[in-house]
Amino acid sequence: MMFGGYETIEAYEDDLYRDESSSELSVDSEVEFQLYSQIHYAQDLDDVIREEEHEEKNSGNSESSSSKPNQKKLIVLSDSEVIQLSDGSEVITLSDEDSIYRCKGKNVRVQAQENAHGLSSSLQSNELVDKKCKSDIEKPKSEERSGVIREVMIIEVSSSEEEESTISEGDNVESWMLLGCEVDDKDDDILLNLVGCENSVTEGEDGINWSISDKDIEAQIANNRTPGRWTQRYYSANKNIICRNCDKRGHLSKNCPLPRKVRRCFLCSRRGHLLYSCPAPLCEYCPVPKMLDHSCLFRHSWDKQCDRCHMLGHYTDACTEIWRQYHLTTKPGPPKKPKTPSRPSALAYCYHCAQKGHYGHECPEREVYDPSPVSPFICYYDDKYEIQEREKRLKQKIKVLKKNGVIPEPSKLPYIKAANENPHHDIRKGRASWKSNRWPQENKETQKEMKNKNRNWEKHRKADRHREVDEDFPRGPKTYSSPGSFKTQKPSKPFHRSSHYHTSREDKSPKEGKRGKQKKKERCWEDDDNDNLFLIKQRKKKS
């Protein structure tokens, strides 16, 4: 009662899916598989049938048995026809071993009628059986095909009969025709199943015709990529990828829908031209752009030998080995050395002459292609001392370039730029910064030295003045200090004055008049201290 009154699950499935054939007999599916595996694709069946009829007539009338009831018929399979198997004496046996099968047709008269139009349409869409079955099958007349349904019987060939059949049919049988076998290299061609090829393009040695289908020509199938970009992809885009063209995440630059950017020149960083058409290329001997008025300050190095790689054409500081020695370094500091030194491989090929046994920098014909070759190997790795020495040499070269005006100096008025950027900029600070940046930083030390020299010179000058005063007045000058000012008073002069002290008022300049007033004030201070009566009387007379 498990299957609703059915004895087995097979009977239940037959009733469920309305399968008329018994599910116990698994021969139906196997026969169908065998039939479809032996089908050949045919073109122009009318011409093929005519050729077969002509061959059969020439072979003789003894083999023809068109009037007999057990006559062999051409099996034609189409979508409209139905293949029926007899329930009587037909026996189908299959073998596990690889064997050649024979197909035999058996006529059974059935009360069925087919019109001529259905027959003609079925013939055009039919498919033929294997070539080895065609040799044993004869062509029936068109009148007899209308009321005949074929039966197919597959019989296993014994080992003794198999040897005989392979002798006669071995020429036409290929390995791919056998069930369970794969395509062998010994097969004649790949179009063994194709029959009736008239529109041949080329004809090979064996007379094999190659044809092109009209449908393929109309479809214009080609293995070419479309010129447009693939904007939609069949897999999920990686969100971590950044496009170099539009700087957005999710796609690569080759799949970017936007137009590509114009490439920059890596010499002048400008767009619109590349390296070879750059208006300001670098000098071959100094790392400075080559202008119209460029005069190289360094010596030519085309005939100089590098002390590092021992190659001609460059100096030691310009050797490519300096940056190639960092191929294992991932942290700042001296380059990391490999544990085992690398050796050149035995298979060496030249990129100039394409010969085996040497590299491009060792090529005897390199003067034609590359007059200044470079070694691809690393001779030795630098240490800290060598790196520091190289940096010192580079700094000296930079100083030479600055003195000659090759490297542009900073702007003379940097506070103007700062004021434009900062609207609340202080002018005093700007002036101070302008004074500090008025001269290059290299001359700051010289400025300090000049200031110190000026100060020392002023000190020596004052000391010399005091010495002259001491020689003229051995008793020493008398100094008077006024509040808020610190001035050195001149020494008092003796009573007897020489003639050169007396000058006329007309000859005195306005500056000398000011000095005279100061002298009178000093004399007043001196008279208060002196008790000489003679001097007091003399002053009264002058006043």
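Note: Cβ is positioned from N, Cα and C throughout, glycine not excepted.
In Swiss-Prot, the entry for SUMO2 cross-link among LYS73, LYS397, LYS537 corresponds to LYS537. Between SER372, SER482, Swiss-Prot assigns phosphoserine to SER482; no such entry appears for the others, which is not proof they lack it. Looking up LYS395, LYS429, LYS435, LYS521 in Swiss-Prot shows the SUMO2 cross-link annotation sitting on LYS435. In Swiss-Prot, the annotation SUMO2 cross-link falls on LYS478, out of LYS444, LYS453, LYS478. Of LYS339, LYS517, the one with SUMO2 cross-link in Swiss-Prot is LYS339, while the others lack that note in the record, though it may still apply to them.
Of the listed residues (LYS331, LYS493), Swiss-Prot tags LYS493 with SUMO2 cross-link; the rest carry no such note in the record, though that does not show they lack it. Fewest Cβ neighbours within 10 Å among the recorded sites LYS254, LYS339, LYS537: this applies to LYS339. Mean pLDDT for the zinc finger (241-258) in this predicted model: 85. Straight-line distance linking the Cα atoms of LYS254 (SUMO2 cross-link) and LYS339 (SUMO2 cross-link), rounded to a whole number, equals 40 Å.
For the pair LYS537 (SUMO2 cross-link) and LYS339 (SUMO2 cross-link), the Cα-Cα distance reads 110 Å.
Residues 361, 371-375, 378-380, 390, 393-394 of the same chain lie 6 or more positions beyond the ends of the zinc finger (304-321) yet place their CB under 8 Å from a CB of it. Counting residue by residue with DSSP, the zinc finger (304-321) contains 4 helix, 2 strand, 12 coil.
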